[in-house]
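J.: To start, I am sharing the structure in question, which I have written as structure tokens.
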């Protein structure tokens, strides 16, 4: 078996461990489909936990199971014995354990060298699930409705999940390897066929086959493009003396194409996850308001490919890239740092991006990228405010500013993401220096100009003020 796998791995340019992971990852689609035929809620919880554990063992080995059990146990014990503070305790314990694994295994280096371990994706996703479950259980103690936002009201847990429910939620194979992250309450409703998953005469269960097929085709196209492009734009070129001899514009173009190439790998991974979650039924999010109503499968959606590549502003990127993790960060970090009745600002954004960087791993490239992304988003907001201020007075200038925001996002995002790919401080700074730090200077310039050229705020109607 090992020899055929070696030949197959060599033919597509990956290592045997990565190929083994890909086989198990793709296997989540048929395994998730079979979940639909398990007869009882208890059986479905057990099936979710067992299949997730087995596929993890086949992908990463027995040690990965131990790495999953430890944070799961810690989080559950905090919920049982320290409910009032279980959210914050689980947050720091979960991230602490994840950081320890990142440092020990150096997952980023493993990926660059063709290896793989459970920290690279599965433990990262599991950490977010454990934390959100604990926070929602802690929110269940809050009795005053006005102290809760709509999201908290919807997902708070009044009752502690059973250990079987908890294990099924944490290890559910369709989302275990690469997400998407989802809420415990949704998992319980899906498993017990309640809420939007309850079948009625008016709205029977919708077939997931067509949206699953669309996701699989998308995954195939994305992998094909990635395999075609990656030999043409290798990351090793950044340390090649030939690269240093190129013109400024040639280097900038290569940075764009490197980022463009790398993204297709993530598009492939998230498309497979989407197919797996859709075919299980968990991806269902209800019915549209159209006539006749159409089923929606947005819960599984983790990326909007065109939305990323043609983003009109940097503010849109978190809404279309790694969507479910961005949503998690918004609800469990950003919004909880903003005081009630206040609006979040740059500091809350920077703190959220820092948490995202730590979640990915303690590499300088990650840290620099996410600090860069906070600057990028803040600069894009300045351009957008100018655009809105002149929209009713000068349509040509407004369209010009919209074009500036699009080009700004294209430039700064692809410049910044080099750090995310090369990881080391030396390579990141070398790639930025090669284009004179243009992607760092431009956002700072816009931020400074935003403090000088301040458009008048739109006047709110008196009725709105009274509210």
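Glycine too: its Cβ is placed from the backbone N, Cα and C atoms.
These numbers come from a predicted model, not from an experiment.
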J.: Of 12-35, 300-323, which range does TrEMBL call transmembrane segment?
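T.: Comparing 12-35, 300-323 with TrEMBL, transmembrane segment matches 12-35.
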J.: Please identify the range among 266-287, 332-353 that TrEMBL labels transmembrane segment.
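T.: Comparing 266-287, 332-353 with TrEMBL, transmembrane segment matches 266-287.
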J.: Scan 245-263, 435-453 against TrEMBL and say which stretch is down as transmembrane segment.
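T.: Here TrEMBL associates transmembrane segment with the stretch 435-453.
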J.: Could you check whether the transmembrane segment (12-35) packs against the transmembrane segment (163-182) - three or more CB pairs closer than 8 Å, residues at least 6 apart in sequence?
T.: yes
J.: Do any residues of this chain, six or more beyond the ends of the transmembrane segment (435-453), have a C-beta under 8 angstroms from a C-beta of it, and if so which?
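T.: Hits for the transmembrane segment (435-453): 248, 251-252, 255, 372, 375-376, 378-383, 385-386, 408, 411-412, 415-416.
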J.: Among 55-81, 88-107, 396-423, which stretch has the most Cβ pairs under 8 Å to the transmembrane segment (163-182)?
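T.: Checked against 55-81, 88-107, 396-423; highest Cβ contact count belongs to 55-81.
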J.: For the transmembrane segment (266-287), which recorded stretch in the set 55-81, 88-107, 215-235 gives the largest number of Cβ pairs separated by under 8 Å?
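T.: Answer, by Cβ pair count: 215-235.
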J.: What residues elsewhere in the chain lie close to the transmembrane segment (55-81), defined as a C-beta under 8 angstroms and at least 6 residues from its ends?
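T.: For the transmembrane segment (55-81), the nonlocal Cβ contacts are 20-21, 24-25, 27-28, 31, 89-90, 93-94, 97-98, 101, 116-119, 122-123, 126-127, 130-131, 133-134, 137, 160, 163, 166-167, 170-171, 173, 176-177.
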